[in-house]
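Annotated in TrEMBL:
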TRANSMEM  12-34  transmembrane segment
TRANSMEM  46-67  transmembrane segment
TRANSMEM  73-91  transmembrane segment
TRANSMEM  137-161  transmembrane segment
TRANSMEM  176-195  transmembrane segment
TRANSMEM  215-236  transmembrane segment
TRANSMEM  256-276  transmembrane segment
Amino acid sequence: SVSAGLDLPGRFLFATLTLMTLIAILVFIEEAVYIYRKIPSSKRSIIIWINAAAPVISTTSCIGMWVPRSTMFTDFTAGIFFAIVIHKFLMMMIKECGGQKVLLRRFENGHFTITTGPCCCCCLCLPRVPITRQTLFWLKLGTFQFAVFRPVLVFLSIVLWTNGNYVLYNVSPKGPALWISCFIGALTLCALWAVGIMFRKVRILLKCKNIIPKFALYQFIVILNHLQTTIINIFATQKIIPCAPPLSSTARGSYIAQQLLIMEMFLITVISRVVYRRKYHDLEPPECAAEEPGDKKQTP
């Protein structure tokens, strides 16, 4: 087992990280009970899903830390769950505006600014897109496609892995790992782009509901779960992270990524409890709302 090969400081570290994971789970359960009792049913499930992102990633990282051979399955599980959370976050912003119909009434003459990250932040020549039912459909499709195709690609990867054709850290063009990873990366960028477009439009309107701290927590999870882990894995495959027998470079890189994620997701879980637990007042009806800067909406 893993614990048998650890010295006293290593066992203390594993025990501390496991305790942090258990505390994160308990904090989420307490928060879920509060949300179930206090939040309207139309928003309840969405907010619980979003709050569950950090505890789920912390739990999968803890399992991967104790059972190294399960790393591929735990990483894929966390990836699938967060793909759903990205779509839920977009839906939460629409719900906080009062729903799709109310949002269209609030911004009936408004426009989406599509020159935003991570796809088109440098393409300043792109036109602004009118806010219509069709453009909202495309934004929701941008996140929904990721929630659908990510599990399909994960299932394909596991099938290839069981057959010996998929090697997680093999970046050779002849192997399927590189192409599947690139395809998942493209789908991820499209989903994050859709969320970024919506956030840029509603961030002033939903400032009273602390949408900026909520979006910041969501962004931190994206960066830490994807970018940080990818960078550490690249360092491990390039032998920048040295091996320490009996652990290879890739195994050490995986351990480092998992241990960092447990600590980071624990902090995000605690901060999310503070941000989402506050009581926020409902927005004024569109007829009474103040005109947002940049829109030419006339108040009836």
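Keep in mind that glycine also has a Cβ here, set from the backbone N, Cα and C atoms.
Automatic, uncurated: that is what TrEMBL annotation is.
The stretches the transmembrane segment (215-236) and the transmembrane segment (12-34) do not meet in space: the count of Cβ pairs below 8 angstroms, excluding pairs fewer than 6 apart in sequence, stays at fewer than three. Tertiary proximity for the transmembrane segment (137-161) is limited to same-chain residues at least six positions away from its ends with a CB under 8 Å from its CB atoms, namely 72-73, 76, 79-80, 83-84, 86-87, 89-91, 94, 112, 167-168, 176-177, 180, 183-184, 187-188, 190-191, 193-195, 197-198. Listed stretches 73-91, 176-195, 256-276 were compared with the transmembrane segment (46-67); the greatest number of C-beta pairs under 8 angstroms is found for 256-276. Listed by sequence, the residues of this chain that lie at least six past the ends of the transmembrane segment (73-91) yet keep a Cβ under 8 A from its Cβ atoms are 46, 49-50, 52-53, 56-57, 60-61, 63-64, 139-140, 143-144, 146-147, 150-151, 154, 157-158, 184, 191-192, 194-195, 198, 215, 218, 221-222, 225, 229.
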